[in-house]
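Lifted from TrEMBL, the feature list:
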ACT_SITE  Glu221  active site, proton donor
ACT_SITE  Asp365  active site
DISULFID  Cys436-Cys479  disulfide bond
ACT_SITE  Glu493  active site, proton donor
ACT_SITE  Glu534  active site
BINDING   Thr621  Ca(2+) binding site
Amino acid sequence: MSQSLPYSMKDVHYDNAKFRHRSFFKVITQTLLASNMRHECVSCSTGKFLGLLMIFGLACLMLTHANRTHSVSDGLAKGSRRNEEHKVVTDVGIRFKKLWRRAPRLPPRLSPDEKVSYGNFTGKTNKPNVEEKWKARQQNVKEAFTHAWSGYKKFAMGFDELMPVSQHGVNGLGGLGATVVDALDTAMIMGLDEVVSEAGSWIELHLLERISQKGQVNLFETTIRVLGGLLSAYHLSGGGQGMNSAYKGPKPTFYLDIAKNLADRLLSAFTSSPTAIPFSDVVLRDSSAHPSPDGLSSTSEVSTLQLEFNYLSAISGDPKYSTEGMKVLAHLKTLPKVEGLVPIYISPYSGEFSGENIRLGSRGDSYYEYLIKVWLQLQAIQDGNFTYLHDMYEEAMRGVRHLLVQKSIPNELVFVGELPYGSMGAFSPKMDHLVCFLPGTLALGATKGIPKEKAMKDNLLTFEDLENLKLAEDLVKTCFEMYSVTSTGLAPEIAYFHTKEYFEGGLDGGNKSSEYVNDIIIKHADRHNLLRPETVESLFVLYRITQDPKYREWGWHIFESFEKYTKVDSGGYTSLDDVTTLPPQRRDKMETFFLGETLKYLYLLFGDTSVIPLDKFVFNTEAHPFPIKDAIYREALT
């Protein structure tokens, strides 16, 4: 035994002996051995008296039931009387038999160690039963990925995205086969060797040619999806002492070479700009760049390139990528802000913010995400003095809590609104689904990826960290209720919240049984669902940090709704036009992030927490994991 017990194992074995089966031979033997004791008992006067009393009682019992038989009413038919007599006699037999029945077999007495080890008396533990359930559900996600990939492979291989209903491909991201690269590391994490081989072979045969011949691409989208996917594949396939030494496919250095080729062309967005703010678009074939038609760049887009460029510098040994990327954040540090919050547009010509619109939805979201993630990536590089990133993040989260967080009516759902006209203008109770990245970011920023229990035990959390973690848990509940309030169980692209100042009737999600049907307002133009990952991303992070099983259950409900309403029989999954009506109308588009993010986060949510641990990896905004290895970054970037 591993610890001292309040009683000995000899006591345990003695107590358990009465539950063991005894053979007929053993019963006879033990009866003979005990005969002297019985003889003495019967020979005494008390024993004789008790024996006679027992026989007399049995006789009275049998006579009583016999008399009851003859008292049956004379008006009954003979057949009925015979049936009744037979029933009574049978009852007598049963009652008499009960006097001699054996005592029930009780479960054996367990030692304290055994009580800890066993969750029930079947010999099976509770925990493995729970883990088996989640392992099966993880397998369901894996099968969903295979189904999504099969549709893409069949109808759209080499195109950016699949149109699953009309069964063809479309290029909306520059024609670089974005789905192939975005899905590759998901297949690696899932251990889908056949898909890894198919995707790797396509990249090996076609991607370099595509990069050298294609025209305009968006700097941000190409960086997070294609460059990020290549860099993650490099590590997961074994590059830089990565995870999979038994990987079958292109060599890791092949992914690195393509990544460098692509990044060299993307650098023109930085070098062509008169300020530290890069242009939004790049022409790949001639490595030129230009701004968007209105001349502005999105704040989130220019500040969501640094994880990728930093990691590329670290593994290639060339600091130029990181240098250009980090110039942007260093410049943003110098600009005026509203309690750490920033407008969603910025000019590459002036280097200044444009307009006053502040939100954590589209064009603003990942600015806040990368502040903390880039700091996590680079925090060990003391000479680099990157603490300003953490300071900017903490100031921004204080601004979020003060200026953007409110509660709905009547059930007080916590949500994050917008300031379309700046801090002096009216508050809008509008929340994009994209904002649901924030709970995961808040939790990650609070514990730095360490489980909450360990962080509390080691006294690593400040009061502000605990505030942010509480806000994260409140917000992720709201994000889940944006799903459960609809008829399909899938969230709309945008929701509004009922407040003292704002309410519109007749615009609920369709699920009248939801507790929050009057809290959440969904306008007709906002009812579509694009298979987005932000909520399941936050569920994954919150589960890893808090270990609360409800986040897994919520993720499973969302997955079941995807399966029920977005799965296309011929292959792939489709976006929806309206999540509030049944059956929902299909929009005919499978975004690359469904394979690259949504299914990856669900798979990791249902799986072993030791896979891609949050204190050793950082996910880019497209869910491509990069390792945090202090020595690599310190050598390359300082």
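Cβ coordinates are placed from backbone N, Cα and C, and glycine is handled just like the others.
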Shortest C-alpha distance to Cys436 (disulfide bond) - which of the recorded positions Glu221, Asp365, Glu493, Glu534, Thr621: Glu534
Position of peak Cβ density within 10 Å, selected from the active-site residues Glu221, Asp365, Glu493: Asp365
Residues satisfying Cβ distance under 8 Å from Cys479 (disulfide bond), sequence separation of at least 6: His433, Cys436, Pro439, Ala491, Glu534, Thr535, Ser538
Candidate nearest Asp365 (active site) in space, where candidates are the recorded positions Glu221, Glu493, Thr621 and distance is Cα-Cα: Thr621
Separation of alpha carbons, the residue listed as 'Ca(2+) binding site' and Glu221 (active site, proton donor) (Å): 10
Spatial separation of Glu493 (active site, proton donor) from Thr621 (Ca(2+) binding site) - C-alpha basis, Å: 18
Around the Cβ of the residue listed as 'Ca(2+) binding site', the count of other Cβ atoms that are within 10 Å: 25
Other CB atoms, at most 10 A from the CB of Glu534 (active site): 24
